[in-house]
Amino acid sequence: MRARRVVAAAAVLLLFAVVAVARLDLDDDGDDSEVLDELLAVDEEEERGELGGGGEAAAAEAVRRAQSMVLVLDNDNARRAVEENAEVLLLGYAPWCERSAQLMPRFAEAAAALRAMGSAVAFAKLDGERYPKAASAVGVKGFPTVLLFVNGTEHQFTGLHTKDAIVTWVRKKTGAPASRIQSKDSAEEFLKKDQTFAVGLFKNFEGAEYEEFVKAATSENEVQFVETNDRNVAKILFPGIASEEQFLGLVKSEPEKFEKFNGAFEEKEIIQFVELNKFPLITVFTDLNSGKVYGSPIKLQVFTFAEAYDFEDLESMIQEVARGFKTKIMLIYVDTAEEKLAKPFLTLYGLEPEKPTVTAFDTSKGTKYLMEAEINAKNLQDFCLSLLEGTLPPYFRSEPVPEEKGPIEKVVGRTFDSSVLESPQNVFLEVHAPWCVDCEAISKNVEKLAKHFNDLGQTNLKFARIDASVNEHPKLQINNYPTLLLYPAQDKSNPIKLSKKSNLKDMAKFVKEKLQIADVETVAAGDIVKDEL
């Protein structure tokens, strides 16, 4: 089995580059297409686990034939290949890079699709780890990197790592921002292959509005744009089209399939329309689309974390709620079985993936929210509405409220207001974290300090500590541990910071001076010094 995977993996590595670089003299396009088909078949068989002994031999032969056509870039030819060809699509990769391995088969499918469309773009690959000089010369700075060179000018691909995204981007950058469809048969064939696209109907392919459409098609890097001047063709692509002579709509493969554009035909407005509407009602969060989710113009984002079987019961309800907040709030699903995706989010809340959970982020402010009510349509609707109106209280992590109080009060996120800011006492607060190297020694000194002042009968002074790794509060923004803060009773908004390098005697003197407690010298020279020794 391992040998099968090695052979199939080799096929995948070469699949993306079987289209010859233009400077290679390959006369037989039929052979190219045949090899593409063979390699794609090998990849599909491997995914289904059907690659048997005969399949291994076929894969090896397909790899051998592909090798004879592929220009592999190195330190000697990389720069020349870019300069001598009008259009070159280059994949910079590293053999150890997991993302490179994931991208290669998708890149291969894009190569096959572009080849079938008659694209003149040439494909090449570069092992950036083996040839760092070449990588630097052509602008490969990380792995994987996809670069398109058009007459020597570099364009970096930043879209989704999918076949369709790569194909759409390359066509836009090489002079085909919109596909022209002029027959019903072509429209029906297009629908078999493309699921998300913007369609424009124009009586004539000219004029200011059409030019703005083309500009938008060129600038929007991910969504395929199509154009037609035939209403019957447009109706196949967008059945709800009315009697307009000029029309623009967005088509998606989901229940909310058709979106009509009602704005002015200006590049900026068209792009905004596409950007706000291109995501589905519920976006399934993946490695591939994470960057697009983070960078979305929709800054209010509501996440549902659940196992797949739990989400099935919630999906239709969430979709219905999402319809009421289209273009305003993005609703996202994260499968908690995908630990790499879910855990970083849940850690921000101090939560475990024990049951379905709904959270929210305002990416423009960096604030987070938690829906603590039962997950149902009404509660989710109210949660989203409050988020939109700005009345939803931010969520801050907190341990459970402690039941008992000791000589040093344990403060948690939920009790920070009552225990510190609203307390009538002066509060000496130790802010620590369990992984902090210096915290243990400081904690021992704080305990001695608390005992000393308690023995003196200082009822107006309270000692407290908070573990900032699991407790948060907007008025406690600490990055260094330990941090010692004195909150005077008369001015809780301006805590006084004490150096963590202070010894026990310095701490006692600091507290007594700031709070104007009598007998400073007596205390400084008394029992507390004995404790320190």
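Glycine is no exception: its Cβ is also placed from the backbone N, Cα and C atoms.
Here's what Swiss-Prot has on this protein:
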type: ACT_SITE; residues: Cys97; note: active site, nucleophile
type: ACT_SITE; residues: Cys436; note: active site, nucleophile
type: ACT_SITE; residues: Cys439; note: active site, nucleophile
type: DISULFID; residues: Cys436-Cys439; note: disulfide bond
type: DOMAIN; residues: 51-196; note: domain 'Thioredoxin 1'
type: DOMAIN; residues: 387-516; note: domain 'Thioredoxin 2'
type: CARBOHYD; residues: Asn151; note: N-linked glycosylation site
type: SIGNAL; residues: 1-22; note: signal peptide
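A map of Swiss-Prot features onto the structure.
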{"residue": "Cys97", "record": "active site, nucleophile", "CB count, 10 Å": "16"}
{"residue": "Asn151", "record": "N-linked glycosylation site", "CB count, 10 Å": "8"}
{"residue": "Cys436", "record": "active site, nucleophile", "CB count, 10 Å": "19"}
{"residue": "Cys439", "record": "active site, nucleophile", "CB count, 10 Å": "21"}
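Mapped onto DSSP classes, the domain 'Thioredoxin 1' (51-196) shows 69 helix, 28 strand, 49 coil. Restricting the average to the domain 'Thioredoxin 1' (51-196) gives a pLDDT of 82.
When DSSP labels each residue, the domain 'Thioredoxin 2' (387-516) comes out as 40 helix, 27 strand, 63 coil, counted as helix, strand and coil in that order. Here Asn151 (N-linked glycosylation site) is positioned 29 angstrom away from Cys97 (active site, nucleophile), judged by their C-alpha atoms.
A Cα-Cα distance of 60 Å separates the residue listed as 'N-linked glycosylation site' from Cys439 (active site, nucleophile).
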